[in-house]
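What follows is a single structure, written as structure tokens, with notes after it.
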Amino acid sequence: MLFFDKNKRILKRYSKIVEKINQLDQSMRKKSNEEIVSLSSELKERVNSLEDADRNLVEAFALVREAARRTLGMRPFDVQVMGGIALHEGKVAEMKTGEGKTLAATMPVYLNALIGKGVHVVTVNDYLARRDALWMGPVYLLLGLRVGVINSLGKSYEVVWKDPSLVEKAIKENWSVWPQEFDGEILKEEQMNKEALNAFQVELKEISRKEAYMCDVTYGTNNEFGFDYLRDNLVLDYNDKVQRGHFYAIVDEADSVLIDEARTPLIISGPSKESPSTYRRFAQIAKKFVKDKDFTIDEKARTVILTEEGVAKAEKIIGVDNLYEPGNVSLLYHLINALKALHLFKKDVDYVVMNGEVIIVDEFTGRLLPGRRYSGGLHQAIEAKEGVPIKEESITYATITFQNYFRMYEKLAGMTGTAKTEENEFVQVYGMEVVVIPTHRPMIRKDHDDLVFRTQKEKYEKIVEEIEKRYKKGQPVLVGTTSIEKSELLSSMLKKKGIPHQVLNAKHHEKEAEIVAKAGQKGMVTIATNMAGRGTDIKLGPGVAELGGLCVIGTERHESRRIDNQLRGRAGRQGDPGESIFFLSLEDDLLRIFGGEQIGKVMKILKIEEGQPIQHPMLSKLIENIQKKVEGINFSIRKSLMEMDEVLDKQRSTIYSLRDQILLEKDYDEYLKQIFEDVIGTRVEEFCSGKNWDLEGLKNSLSFLPRDLFEFDGRRFESSEELYEYLFNRMWEEYQKKRQEIGEEYSKVIRFLMLRIIDEHWRRYLEEVEHVREAVQLRAYGQKDPIVEFKKETYLMFDEMMRRINDTIANYVLRVVKVTEKDEKEAKEELGKIRLVHEEFNLVNRAMRRAMEKGKKKGGSHGLGKIRVKR
């Protein structure tokens with residue numbers, strides 16, 4: 001009850017704002033087109049912040065309403081204006097199917113776009129992004145805003161006037177799609193001013209991705225906005241970034257994107273280009289290395305460290321001058337992995353070999369983990385060691401969940417037909433209240449109580465009977481199934497009965513919208529998986545309202561009431577008649593797992609015969625309570641995963657901020673000074689802070705740096721501070737020497753090296769984190785809190801990674817030397833490989849790669865043609 005009281009209070013406040021907007025209606029109608037354009041320019045001058053937007057809401061909303069009337073022949077209803085206010089306030093607007101969410105969004109989109117930081121309108125597929133941008137484009141264009149569209153094929157567009165000179169004429173001569181004399185609520189197509197409608201036509205013009213984001217409004221899918229963010233944080237030049245920040249987003253189908261897919265990680269990955277022969281080659285090379293002479297083993301960290309002798313041996317065997325050259329980094333990793341496979345990972349302890357496959361053994365339970373693989377090329381190294389077929393390695397370069405991506409926005413809003421049941425989660429995770437917007441016309445759909453059968457066989461037979469009955473009288477039927485498999489089963493049963501029907505599975509393509517739109521025609525039977533066709537209205541064909549409207553049949557209850565409500569909501573749009581009914585069985589997953597035995601007992605007591613259902617409001621209530629219980633369980637799972645993700649999110653921000661700092665910096669002296677201080681300071685503190693100094697241990701701990709850097713030559717130091725000063729000055733002198741030696745290219749080289757080092761360490765860290773995430777879940781059995789354990793481990797791991805990044809940067813910048821002109825060609829070839837590898841970072845999948853291949857510009861040189869790194 002409290003929810004509805006609160007909702008009523010919010011709607012009462014909105015009604016007062018709508019009244020003020022309505023009061024401006026007549027004055028807006030009297031304005032000429034030129035005055036409308038001019039008022040929009042004035043508002044743009046006035047609105048520079050969110051506070052300014054709040055102050056100018058009434059005038060801006062009234063202006064958009066008038067622009068929509070003139071360009072589209074559509075006037076947002078009062079309830080749509082209410083929805084727009086909720087969206088402007090950063091809430092989730094629950095608006096039923098067919099209530100015009102797309103038009104409602106134009107008002108808050110326009111108002112917030114005036115601030116000039118860019119507004120993102122997020123849809124669930126490319127088709128809807130393109131459709132909505134073209135459909136609403138004329139409103140924004142008349143008001144002087146630029147509209148961009150991005151899609152998953154790497155293409156980007158701007159919405160532009162089809163005939164700018166005709167638009168100019170239409171503005172000058174005051175053309176309007178909505179005739180001045182028409183005072184009705186809804187303008188029918190035949191009543192529209194065709195001359196104006198023709199003038200205000202728009203089309204798409206291809207532009208760059210960056211330009212699409214520079215537009216005032218950008219339409220796109222949740223996937224693409226997320227992927228562009230990840231790709232932006234893999235660039236080697238700041239100017240290659242396409243997004244300009246995360247200011248305000250309106251998410252369509254918010255429940256689907258922000259809750260159902262909240263934990264879905266967006267992953268930029270690519271198959272490794274390594275051939276199996278590389279792994280086999282290094283498996284052989286590793287056998288030639290002698291433990292404690294060529295390498296040492298750190299059992300605790302489960303890693304291998306090459307000695308100076310080992311590095312020299314590797315360079316000789318592999319046939320390279322310098323193992324530390326940027327282009328040779330992968331060779332070093334191959335060697336380390338081969339040595340780890342040979343000396344650290346034991347057959348029948350860490351893994352077993354079965355049917356030509358290397359299968360990991362769970363270290364906690366001793367069980368086999370088929371399908372699970374070691375990351376970073378280690379699994380392939382073990383396969384090479386064991387002589388079994390080597391499977392392709394997949395490399396993760398960057399990842400983020402939708403939850404964490406959308407929480408970056410300064411202001412976030414959502415709209416959907418079903419959100420009320422998830423308000424608790426919207427509030428706790430995103431800080432967004434849900435406002436239920438009333439329908440423009442009263443809802444008259446008839447929702448029947450659930451029918452429960454003993455078996456699935458009985459249930460499906462009755463569903464087919466029900467479909468046949470309604471098909472014979474011409475009433476359209478939409479059947480919602482929970483899986484593709486179930487939709488195909490039902491389809492084959494209907495074929496046997498000779499009932500024509502269309503099947504729609506949840507694979508988004510443009511044809512889907514056509515199928516869904518046809519579902520309301522007389523005699524049409526459509527089978528669809530629950531999520532298919534969201535965003536497209538089912539309009540009733542001629543004579544269908546008299547037959548009772550669209551009949552929606554649910555074939556089982558979903559774990560979430562919201563998904564069931566979405567299915568019901570396909571019928572009864574905009575006050576149309578309609579029906580909904582769910583057919584269930586005790587064998588359905590939900591009832592079988594969560595309490596179907598209670599219903600089974602009732603059926604036995606009532607002596608329900610085979611093929612006969614049980615139907616009662618109390619039963620529907622019982623099923624709803626089961627769903628509430630499951631929703632609670634699922635929410636708590638998502639919440640605990642979110643707490644783990646928050647740790648990773650902060651770490652991601654740290655890494656991406658560090659990248660930005662490096663990309664924007666022109667001189668790296670100050671940054672490198674901090675790194676040297678850290679590298680020297682931590683070692684001096686560890687080995688020489690007390691009375692017992694371990695100078696040999698100190699030298700060994702710095703052995704990854706050039707060897708001749710720290711020769712003490714019998715020097716004595718009075719304090720650890722003096723020792724620190726000496727070591728730091730030696731490093732700094734060496735750095736300055738290198739800097740002068742290389743000259744003006746040095747900064748460019750250092751930037752490239754540092755970014756590569758950070759990206760590589762972060763990539764490997766992400767893989768390690770996934771292993772920790774899996775491992776801590778098992779510790780719950782030992783009465784340990786997985787979240788506390790995860791936080792503890794990842795904090796330590798992150799600190800360790802940052803230390804390794806600093807060590808590696810110090811190592812590389814002190815080894816850079818200028819190469820002679822004769823080596824230039826060879827060095828450029830190495831660079832070509834690096835650049836291609838980095839381009840791989842920017843690609844999501846093969847299809848996208850092919851689409852981008854044609855128009856791809858050649859990447860410019862990173863200025864590394866004359867550089868190599870020397871040991």
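Including glycine, each Cβ sits where the backbone N, Cα and C put it.
The structure displayed is predicted, hence computed values, not measured ones.
Copied over from Swiss-Prot, here are the features:
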type	residues	note
BINDING	Gln80, Gly98, Glu99, Gly100, Lys101, Thr102, Asp537	ATP binding site
COMPBIAS	855-871	compositional bias 'Basic residues'
REGION	852-871	region 'Disordered'
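Within 8 Å of the Cβ centroid of the ATP site, not counting the listed residues Gln80, Gly98, Glu99, Gly100, Lys101, Thr102, Asp537, the chain contributes Met95, Thr97, Leu103, Ala104. Within the same chain, residues at least six positions away from Glu99 (ATP binding site) with a Cβ under 8 Å of its Cβ are Val79, Gln80, Gly83, Ile437, Thr439, His440, Arg573, Gln574. The Cβ of Gly98 (ATP binding site) lies under 8 Å from the Cβ of Asp537, Arg573, Gln574, Asp576, each of these being in the same chain and 6 or more residues away along the sequence. Take the CB of Gly100 (ATP binding site) and look out to 10 A: across all protein chains shown you find 17 other CB atoms. There are 16 other CB atoms within 10 A of the CB of Asp537 (ATP binding site), with all protein chains counted.
Local packing around the Cβ, expressed as the count of other Cβ atoms within 10 angstroms, is greatest for Gln80 among the binding-site residues Gln80, Thr102.
Every protein chain shown contributes to the tally, and the Cβ of Lys101 (ATP binding site) ends up with 25 other Cβ atoms within 10 Å. For the ATP site, whose binding residues are given in the record as Gln80, Gly98, Glu99, Gly100, Lys101, Thr102, Asp537, the maximum C-alpha distance rounds to 16 Å.
A coil conformation is recorded for Gly98 (ATP binding site) in the three-state DSSP classification, outside any helix or strand.
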